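So the structure is just underneath, and the comments pick up after that.
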Amino acid sequence: MKRIYFGTDGVRGPFGGPLINEAFAARLAEAAGIWAGGSGRVLIGRDSRGSGEALVAAVAGGLAAAGLQPVSLGVLPTPAVARAVRASDAVLGVVVTASHNPAADNGIKFFTATGIKLTDEEEVIIESSLLAAAAERAVGLPIDDTAIADYIAAMSTQLPADALRGWKIVLDTAHGATVQTSGAVLRKLGAEIIAVGNAPDGKNINEGVGSEHPEKLAARVVTAHARLGIAHDGDGDRVVFCDEHGDVLDGDEVLAILATDAKQRGELVADTLVITVQSNLGVDAAVKAVGGRVLRTDVGDRYVSACMRAEGAGLGGESSGHIICDEIGPTGDGLGAALRVLRIMYLTGQPLSELRRVLTKFPQRSGAVKVESKTPLAACSALQTEIAALESEMGESGRVLVRYSGTEPKLRLLIEGPTPEVVAAGYARLLKAAEQDLTIL
């Protein structure tokens, strides 16, 4: 059974639209509360969007209608909510956020009592029990303001005290949920912080800042002569870096740095790194070169997390900057990943510009085309023929990934190969095949 409302990472859309509104939020929360057992505490966090308070109130009403006791944690990064749920007696966690989306959007993510995201099967069950209308209920919402202090304290133990003394770091918190947390932790460790995107007004989250827009971060690193730059997305589960030259590192480079360093120190749990099909083949090569193994999953950090648990691995993530370090927390944690990179810089004395050399990326080209309808890919004969031909021609020196977007009417194409010329020609062949099978808009 397919999911109707849940996407790759929760439910998300424009606030006030048919999917993200107070009435639907209450219905969804009530269904989730019934799934969670109909009793117990639920911790609710949110990012800094102006629509967040109304949605939190609606979620609380739905949970109360299902017999649960909602508790507000206020504005808090998604990974901090997940940690708080796991460390408490809560039966469920909820985060009202649209992550890296614009301020006009909002959404809802759920976490189990162990702080992990729901599986596809669990989301299907919740959708199947959605009521036609949730009981209208306004509830007194208790506030627990200890979670933010607990999170800051826990993160501050990831490096020795004053380890970052004398370090100048540019920090972009995307006008989002990490404004009160990441800077506080880095300052406790001795760093001088130059803040970007640290003035949320309810309307500016992710607006020209954050992990999706690292240009300001990069420019500020250069002009301030900083050691590095760190950027989060709106809810703090992603991280992107700039080295001291202002050059941006993506999640693949971060994962390669973390995995190879951990392997060389004997700290890579199960000798395994878990990544998604979106990551560059260079990550596989870098990790295998030091004796590790790489496993791939579908796109989505919850699939990475599930594979990590199944394989007993401790490190995984996505090229988008979702990095899961199991020792730090059960879900993607932008600050946690940043601290792991800072720890490596501290221990080795090397700048990011040197550490990133561990990864040599394969030439890659990716893109997306809007389609009239999502014909099953297995029925797209021209595409299947071209994919098979390219895979045969490139062998282990390349790969092809063709998939539909989980949230938009788009076909996504990706090809990696031994040279830019091979990649460019291969991409053109894929696009031509797609035009034969599908109506491109």
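A Cβ is built for glycine as well, from the same backbone N, Cα and C atoms used for every other residue.
Features as listed in TrEMBL:
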- 4-131: domain 'Alpha-D-phosphohexomutase alpha/beta/alpha' (DOMAIN)
- 150-246: domain 'Alpha-D-phosphohexomutase alpha/beta/alpha' (DOMAIN)
- 250-359: domain 'Alpha-D-phosphohexomutase alpha/beta/alpha' (DOMAIN)
- 369-425: domain 'Alpha-D-phosphohexomutase C-terminal' (DOMAIN)
Helix, strand and coil totals (DSSP H, G, I; E, B; other) for the domain 'Alpha-D-phosphohexomutase alpha/beta/alpha' (150-246): 23 helix, 20 strand, 54 coil
Across the domain 'Alpha-D-phosphohexomutase C-terminal' (369-425), average pLDDT on the 0 to 100 scale: 94
Number of helical, extended and coil residues in the domain 'Alpha-D-phosphohexomutase C-terminal' (369-425), per DSSP: 26 helix, 16 strand, 15 coil
